[in-house]
C-alpha cells in the first residue's frame, strides 16, 4: 500500500531565511523563518492580517514545516508496512478528525519531549479550499530544559514544565479556536529508558494538564514514540529535501542520528547480499513516489551520547551510586564534579593516579560498543548525513561551521579526539566530557557501525533551510490518508 499519493511529488519546497525577532516575553529572541518576497506575492495569504495580536511578534514561517501541523490536526488512518504487518499505527493520532477543514485558519500544537528538553511547536495554517493542502502561515516554538525524564520522581513537577509552554500557546492562539485546536505530545528516548511505571506516571500527569487545558485533547495525545520511527522518518526528510525521492532515484543517502539516550542508523541497501544478511527486524518496506523502498533501520537505546557517558564511567553497572565517584581516563586528572542525567546525580572525576589521554580513553569507550551493534558491510560504500550530537560536537571543536555544516571523514573525529584527549592537562573551559564524547563517536562509527576511516559524512543541521529530523518525514504519510494532495 502506498502511504504517499504519487501526485505529492509536485509539492514545492521553498527555501526560507532565518531572522531574529524581538518583542517576546522576557525579551528573549526567537528564530523567525520568512517566505521569500517572490513567493509571498504568489499567495494572497501573505497580506492577510492575523486574528491574534500576539502572532505578529512570534510568528515564523517555513514551507518544510507546513506538513508538520497535520500530525497534530487530523489523522484518520496511519499505516506503514513492516514485513507485511501494520506497525506504524498509533504513532500519531489514530482516530481523530477534529478540525473543520472549511475553516480559513487552523492551529495545531505539537510537543517534542526529548531526553534533554521539551519543545512546543504551535502551527498556524490557512485552509483556502477544503480538501486541499493548508498553507503554512506561521510557527511558534519554545523549549525548556531539562526534559521530562529529569523529573522521574516528581511527575507533577515535570508536567508543570509542559503547563508553562501551554500558557504560551494560549497566548498565541485566538480564544475562538481553542476548542478545535488539538494538542499532542510525543516522548522519545529519554522516557523509553525509564522504568515503565515511572514513565507512565509522567505521561499521566501530562495528560491531566492537557485535559484541564481549553484545547482539543484526544485519548492518545500523550505517548512514547518508538526509536525506529525516528530513524525512518528522518531518512524520508533528508532524502526528500535533497531531491532523491522526487527523482524516483535509488541513489539515496543514509542518515545517522545521535541523541542523548539513543542512536539511529537508516539507509536504503543497494545490494541483495545486504538484504540476505540483515536480521529480519532491521528491514522495513514501503512505497512512495511510485517507488518501493526497503530500508535498513535500527534504533539502539542506551547508545546515545549521554547514555554512553554513563556506560563508559561504569555507572550503569552499579545498583547504588550514593557516595561513589566514577572515574575515567577520558577526563582531566584533577577534575571532581557532578552531573545530572535522567533525574539522577552522578559524581565523577579523572584518574588521579592512573592513565589519561586518547589511548586509555578509547579503550574505555570501545567496551561500550564493540560487538553490540550490527555491522552491515554496505555502509563503507554508502553516503550518509549525520546530525544531532554528531553535528554539535563537530561544531564545538571547530571542525565545521555552525551555520553551514560541512563534510568530514570518520578519521577526522579520531584526529580531533586525539588532539583533545592528549591535552587534558591544559583543559580550562568547555565541556569536561569533550574527550570522552569525541572518542565515543569515533568508536561508534568505526567499531560499532563498521564505517571505514575514509567514509565521508555530511554533517548538517538543516537541508535547504529545513531542519533535519523526523518531523517533516512524519507528515508525508498523512497526505494520502487525508486526501490532502488530491
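Glycine too: its Cβ is placed from the backbone N, Cα and C atoms.
In TrEMBL this protein carries:
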- 230: active site, proton acceptor (ACT_SITE)
- 260, 261, 262, 263, 264: ATP binding site (BINDING)
Under 8 Å by Cβ from residue 230 (active site, proton acceptor), same chain, sequence gap 6 or more: 188, 257, 264, 299, 470
Residues within 8 Å of the 260, 261, 262, 263, 264 Cβ centre (excluding the ATP site residues themselves): 115, 188, 189, 227, 257, 258, 259, 299, 300, 301, 303, 304, 305, 307
Intrachain C-beta neighbours of residue 260 (ATP binding site), sequence separation six or more, cut-off 8 angstroms: 114, 115, 116, 189, 190, 304, 305, 306, 307, 341, 389
Among 262, 263, 264, the one of these binding-site residues whose Cβ has the fewest neighbouring Cβ atoms within 10 Å: 262
Secondary structure at residue 260 (ATP binding site), reduced by DSSP to three states: coil
Number of Cβ atoms other than its own within 10 Å, given for residue 261 (ATP binding site): 29
